[in-house]
Structures are given as structure tokens and as C-alpha cells.
Amino acid sequence: MHCAIPSPTISHSFYTKCSFQFLSRPPDARPRFCNACERDVKGFLYHCRDCGFDLHPCCAKLPMVLDDGEIKLYLYRKVSASCQKCGRKGRSWSYRSSCQKYNLHVACVKDMLVENWQGYLGEKSARKFDTRLPSLKNTLLTHNKSKSKSKKGWEMAGLALQFAISAVLGDPTALIAGVIGSMISKA
């Protein structure tokens with residue numbers, strides 16, 4: 001949705017002095033990276049000519065709050081705590097709970113979405129398609145349990161976050177990537 005009908009210019013609360021212009025390709029041949037998720041920018045982007053900052057259209061429109069009904073995760077520009085998914089610190093924007101127990105990098109949330117679409121689309125059984133977030137508290141606590149329980153918990157959390165973010169953003173990128181990834185892995 002953000003690439004199909006983009007706003008020509010946007011601002012973002014994390015970059016108060018910037019005015020981001022929508023571009024169909026990066027402004028020059030240098031490698032570009034999204035300041036939100038630190039992933040390559042190869043196509044559509046929002047670019048601040050004055051500061052040189054770049055944002056994927058879907059990252060520029062990330063919701064400031066993710067809510068599962070029990071825990072709210074707030075979007076921060078920088079978080080000093082480790083991410084529950086990758087275990088690393090300082091990978092740009094992150095979602096963090098107000099109690100500061102739960103942290104997820106934006107890039108890790110994107111990875112979780114793709115992984116879970118692949119799992120969902122690769123299953124033969126009819127699984128109920130649910131767009132509600134499950135309890136993040138219980139799901140994120142599985143990080144410290146055994147790998148199989150942790151993986152299952154992350155699959156549930158990722159699927160729920162994927163549905164929520166896709167619904168809020170209207171961005172089919174995760175779905176498309178999951179379908180393609182599933183096809184490639186089965187070939």
C-alpha cells in the first residue's frame with residue numbers, strides 16, 4: 001500500500017529536522033540502508049536530501065505501538081537492551097515494552113514475519129487464520145526455554161505480529177516473500 005499509493009513527502013517523529021521525499025529508486029549508486037531496519041534499500045524509499053537518511057516505505061509507516069491486549073510494545077529509535085529474537089544490541093529501531101522486559105528489533109520483527117508466513121503457507125493442514133495477537137508475555141518468555149519450545153513460541157509470536165503489522169500497514173511484502181521463499185525451498 002505504501003509503495004502503490006505513496007505520499008510524496010513525509011516527516012517522522014524520530015527525525016524532526018528531516019523532510020523525506022518518496023523516490024522510486026535510490027538517489028545514487030552508493031549502497032543505501034534503511035535507518036529503521038538497517039536492510040538494503042534497492043527500490044522504493046523515502047529519502048531526506050539534507051541528512052541522507054533513508055527509510056523503506058513500510059518502515060516509515062511502522063505503528064508506534066503494538067498491543068496484544070496485555071503488553072504494549074512501543075517503537076524506539078534506539079534501545080540499549082538485547083533483542084529477544086537475535087540476542088544482539090543496538091540494531092537501530094526496536095519495539096520495547098514499558099516494563100523493559102521485552103525488546104524486538106524492527107529487522108527481527110520483519111524476519112519473524114517472513115519465517116512465519118513460510119511456515120503458515122508450507123503447512124498441509126488447515127490452520128485457522130487468526131489476526132489477533134496472542135499473549136506476547138507468554139510467547140516472549142519462551143526465549144529462555146528449550147530451543148523447540150522457543151522456536152514454537154517465536155513462530156506463534158511472529159505469525160501474530162505479522163498479521164497485525166500487515167493489517168496496520170497494508171503491506172503485502174511479507175506475504176509475497178513467504179510465498180516465494182516457500183516455493184524456492186520446496187523446489
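From the backbone N, Cα and C atoms, a Cβ is placed for every residue, glycine too.
It should be emphasised that the depicted structure is a prediction, and the values quoted were computed from it without experimental measurement.
The annotation domain 'DC1' is assigned in TrEMBL to 23-60.
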Query raised in the report: What counts of helix, strand and coil residues does DSSP assign across the domain 'DC1' (23-60)?
Result: 4 helix, 10 strand, 24 coil
Report summary line: When pLDDT is averaged across the domain 'DC1' (23-60), the result is 94
